[in-house]
Amino acid sequence: MNDRNKARILFFAYMAVLFAAENVYSFMIFNSFLAFAALEISYLLPLFRPKTKGEWPAGLFVYLLFLLMSPNVFYIVTDLIHLNFFPFRYTAGLVVREWWNYFLLVTGVLLAIFYYITMIRSIRSLLARFRWSGLILLLFVVLQAVGIFIGRFLRFHSVHLFTEPLALLGEFLNSITPDALMFIGWITILQLLIIWMFSHSAKEQTHE
(Lines of atoms letter the chains of each structure in order from A and count residues from 1; the text may use other names and numbers.)
(Lines give C-alpha, C1' and ligand atoms only; values in the text may rest on other atoms or scores of the structure.)
Protein backbone atom coordinates (compact mmCIF):
# COMPACT_ATOMS: atom_id res chain seq x y z
CA MET A 1 0.00 0.00 0.00
CA ASN A 2 1.41 3.39 -0.97
CA ASP A 3 1.71 6.30 1.44
CA ARG A 4 -1.15 8.24 -0.14
CA ASN A 5 -3.62 5.44 0.52
CA LYS A 6 -2.20 4.93 4.01
CA ALA A 7 -2.73 8.62 4.74
CA ARG A 8 -6.33 8.46 3.55
CA ILE A 9 -7.18 5.35 5.57
CA LEU A 10 -5.54 6.74 8.69
CA PHE A 11 -7.28 10.09 8.29
CA PHE A 12 -10.78 8.66 8.00
CA ALA A 13 -10.14 6.16 10.80
CA TYR A 14 -8.88 8.94 13.07
CA MET A 15 -11.86 11.13 12.21
CA ALA A 16 -14.24 8.28 13.01
CA VAL A 17 -12.67 7.80 16.44
CA LEU A 18 -12.74 11.53 17.22
CA PHE A 19 -16.41 11.76 16.27
CA ALA A 20 -17.49 8.57 18.01
CA ALA A 21 -15.46 8.53 21.21
CA GLU A 22 -15.53 10.84 24.22
CA ASN A 23 -12.57 13.21 24.22
CA VAL A 24 -11.58 16.78 25.03
CA TYR A 25 -9.66 17.33 21.82
CA SER A 26 -12.51 17.98 19.41
CA PHE A 27 -10.43 20.78 17.82
CA MET A 28 -8.28 18.01 16.32
CA ILE A 29 -11.13 17.28 13.90
CA PHE A 30 -10.73 20.64 12.19
CA ASN A 31 -6.94 20.76 12.53
CA SER A 32 -6.52 17.27 11.10
CA PHE A 33 -8.87 18.07 8.23
CA LEU A 34 -6.77 21.12 7.29
CA ALA A 35 -3.58 19.06 7.47
CA PHE A 36 -5.03 16.30 5.31
CA ALA A 37 -6.36 18.83 2.79
CA ALA A 38 -2.87 20.32 2.45
CA LEU A 39 -1.43 16.86 1.84
CA GLU A 40 -4.00 16.12 -0.85
CA ILE A 41 -3.28 19.44 -2.56
CA SER A 42 0.43 18.56 -2.62
CA TYR A 43 -0.42 15.60 -4.86
CA LEU A 44 -2.04 17.99 -7.34
CA LEU A 45 1.05 20.16 -7.77
CA PRO A 46 2.63 18.14 -10.62
CA LEU A 47 -0.70 18.14 -12.46
CA PHE A 48 -0.96 21.93 -12.26
CA ARG A 49 2.62 22.72 -13.25
CA PRO A 50 2.10 25.36 -15.98
CA LYS A 51 3.26 24.26 -19.42
CA THR A 52 1.54 26.93 -21.48
CA LYS A 53 0.57 30.55 -20.87
CA GLY A 54 -3.08 29.62 -20.54
CA GLU A 55 -2.33 27.19 -17.71
CA TRP A 56 -0.67 29.81 -15.50
CA PRO A 57 -3.82 31.16 -13.73
CA ALA A 58 -5.00 27.73 -12.57
CA GLY A 59 -1.46 26.63 -11.74
CA LEU A 60 -0.75 29.78 -9.76
CA PHE A 61 -3.99 29.39 -7.82
CA VAL A 62 -3.27 25.77 -6.82
CA TYR A 63 0.34 26.50 -5.86
CA LEU A 64 -0.68 29.54 -3.83
CA LEU A 65 -3.46 27.58 -2.15
CA PHE A 66 -0.97 24.88 -1.22
CA LEU A 67 1.50 27.41 0.16
CA LEU A 68 -1.22 28.91 2.35
CA MET A 69 -2.57 25.55 3.54
CA SER A 70 0.71 23.70 4.07
CA PRO A 71 1.61 25.14 7.52
CA ASN A 72 -1.48 23.41 8.89
CA VAL A 73 0.34 20.07 8.65
CA PHE A 74 3.23 20.70 11.03
CA TYR A 75 1.09 23.07 13.09
CA ILE A 76 -0.49 20.02 14.71
CA VAL A 77 2.85 19.18 16.33
CA THR A 78 2.43 22.31 18.45
CA ASP A 79 -0.94 21.02 19.62
CA LEU A 80 1.02 18.90 22.10
CA ILE A 81 0.75 21.90 24.42
CA HIS A 82 -2.85 20.84 25.01
CA LEU A 83 -1.69 17.85 27.02
CA ASN A 84 -1.87 20.33 29.90
CA PHE A 85 -5.64 19.77 29.91
CA PHE A 86 -4.86 17.02 32.42
CA PRO A 87 -2.63 16.95 35.53
CA PHE A 88 -1.20 13.45 34.84
CA ARG A 89 -0.47 12.69 38.48
CA TYR A 90 0.74 9.23 37.54
CA THR A 91 2.23 8.57 40.99
CA ALA A 92 -1.31 8.63 42.39
CA GLY A 93 -2.47 5.93 39.99
CA LEU A 94 -3.59 5.43 36.42
CA VAL A 95 -6.49 7.61 35.27
CA VAL A 96 -7.81 5.98 32.09
CA ARG A 97 -9.53 9.12 30.81
CA GLU A 98 -6.27 11.08 30.90
CA TRP A 99 -4.32 8.46 29.00
CA TRP A 100 -7.11 7.89 26.50
CA ASN A 101 -6.98 11.56 25.57
CA TYR A 102 -3.19 11.39 25.57
CA PHE A 103 -3.43 8.52 23.08
CA LEU A 104 -5.79 10.49 20.83
CA LEU A 105 -3.69 13.65 20.79
CA VAL A 106 -0.35 11.92 20.26
CA THR A 107 -1.88 9.77 17.51
CA GLY A 108 -2.99 12.95 15.74
CA VAL A 109 0.51 14.40 16.06
CA LEU A 110 2.10 11.22 14.68
CA LEU A 111 -0.32 11.29 11.75
CA ALA A 112 0.59 14.92 11.10
CA ILE A 113 4.29 14.03 11.02
CA PHE A 114 3.50 11.24 8.57
CA TYR A 115 1.53 13.69 6.42
CA TYR A 116 4.43 16.14 6.63
CA ILE A 117 7.02 13.61 5.45
CA THR A 118 4.72 12.49 2.64
CA MET A 119 4.15 16.12 1.62
CA ILE A 120 7.89 16.82 1.64
CA ARG A 121 8.44 13.84 -0.64
CA SER A 122 6.02 15.33 -3.15
CA ILE A 123 7.76 18.70 -2.96
CA ARG A 124 11.23 17.18 -3.36
CA SER A 125 10.07 15.23 -6.37
CA LEU A 126 8.65 18.43 -7.85
CA LEU A 127 11.87 20.36 -7.19
CA ALA A 128 14.20 17.63 -8.46
CA ARG A 129 14.80 19.39 -11.78
CA PHE A 130 15.73 22.71 -10.18
CA ARG A 131 19.36 23.59 -9.54
CA TRP A 132 18.62 25.34 -6.25
CA SER A 133 16.13 22.76 -4.99
CA GLY A 134 17.76 22.54 -1.56
CA LEU A 135 17.57 26.29 -1.05
CA ILE A 136 13.95 26.39 -2.23
CA LEU A 137 13.06 23.60 0.19
CA LEU A 138 14.78 25.45 3.04
CA LEU A 139 12.81 28.59 2.21
CA PHE A 140 9.62 26.52 2.21
CA VAL A 141 10.47 25.12 5.65
CA VAL A 142 11.12 28.60 7.06
CA LEU A 143 7.80 29.81 5.64
CA GLN A 144 6.12 26.86 7.37
CA ALA A 145 7.59 27.98 10.68
CA VAL A 146 6.44 31.56 10.08
CA GLY A 147 2.94 30.33 9.25
CA ILE A 148 2.85 28.20 12.39
CA PHE A 149 3.92 31.20 14.50
CA ILE A 150 1.16 33.32 12.95
CA GLY A 151 -1.45 30.64 13.53
CA ARG A 152 -0.39 29.71 17.05
CA PHE A 153 0.27 33.14 18.56
CA LEU A 154 -1.54 35.67 16.35
CA ARG A 155 -4.52 33.34 15.80
CA PHE A 156 -4.78 34.11 12.10
CA HIS A 157 -5.83 31.43 9.62
CA SER A 158 -4.86 30.95 5.97
CA VAL A 159 -8.06 32.61 4.78
CA HIS A 160 -7.06 35.87 6.49
CA LEU A 161 -4.37 36.37 3.85
CA PHE A 162 -7.26 37.03 1.48
CA THR A 163 -9.72 38.73 3.83
CA GLU A 164 -7.36 40.76 6.05
CA PRO A 165 -3.92 40.79 4.39
CA LEU A 166 -2.84 44.20 5.68
CA ALA A 167 -4.01 43.47 9.23
CA LEU A 168 -2.18 40.15 9.20
CA LEU A 169 1.02 41.71 7.86
CA GLY A 170 0.86 44.52 10.40
CA GLU A 171 0.28 42.14 13.30
CA PHE A 172 3.12 39.91 12.16
CA LEU A 173 5.63 42.76 11.80
CA ASN A 174 4.66 44.12 15.21
CA SER A 175 5.10 40.68 16.77
CA ILE A 176 8.66 40.11 15.56
CA THR A 177 10.73 39.95 18.74
CA PRO A 178 13.79 37.90 19.74
CA ASP A 179 11.43 35.37 21.34
CA ALA A 180 9.37 35.13 18.14
CA LEU A 181 12.51 34.58 16.07
CA MET A 182 13.65 31.87 18.48
CA PHE A 183 10.30 30.08 18.14
CA ILE A 184 10.46 30.29 14.35
CA GLY A 185 14.03 29.00 14.48
CA TRP A 186 13.13 26.07 16.72
CA ILE A 187 10.19 25.03 14.53
CA THR A 188 12.44 25.31 11.47
CA ILE A 189 15.04 23.06 13.11
CA LEU A 190 12.39 20.53 14.14
CA GLN A 191 11.22 20.29 10.54
CA LEU A 192 14.76 19.96 9.21
CA LEU A 193 15.49 17.20 11.74
CA ILE A 194 12.45 15.24 10.60
CA ILE A 195 13.33 15.76 6.93
CA TRP A 196 16.92 14.67 7.57
CA MET A 197 15.93 11.58 9.58
CA PHE A 198 13.57 10.41 6.83
CA SER A 199 15.56 11.64 3.82
CA HIS A 200 16.30 8.10 2.65
CA SER A 201 12.57 7.45 2.26
CA ALA A 202 12.15 10.68 0.30
CA LYS A 203 14.80 9.57 -2.18
CA GLU A 204 13.14 6.22 -2.66
CA GLN A 205 9.85 8.00 -3.33
CA THR A 206 11.31 9.90 -6.29
CA HIS A 207 12.02 6.59 -8.06
CA GLU A 208 8.51 5.21 -7.71
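Heads up, the Cβ atoms here are built off N, Cα and C, so glycines get one too.
Small disclaimer: the values here were computed from a predicted structure and weren't measured.
The annotation transmembrane segment is assigned in TrEMBL to 30-48 (among others). Only residues 6 or more beyond the boundaries of the transmembrane segment (30-48), in the same chain, are considered here, and those with a CB under 8 A from a CB of the stretch are 4, 7, 11, 14-15, 18, 55, 58-59, 62-63, 65-66, 69-70, 72-73, 75-76, 79, 108, 111-112, 115, 118-119, 122-123, 125-126.
According to TrEMBL, the feature transmembrane segment maps to 60-87 (among others).
Same-chain residues lying 6+ beyond the ends of the transmembrane segment (99-118) with a Cβ under 8 Å from its Cβ atoms: 3-4, 6-7, 10-11, 14, 17-18, 21, 23-25, 28, 31-32, 35-36, 38-39, 42, 73-77, 79-80, 82-83, 85-86, 88, 191, 194-195, 198, 201-202. Residues or ranges marked as transmembrane segment in TrEMBL: 99-118 (among others).
Marked as transmembrane segment by TrEMBL: 130-154 (among others).
TrEMBL lists 180-198 (among others) with the feature transmembrane segment.
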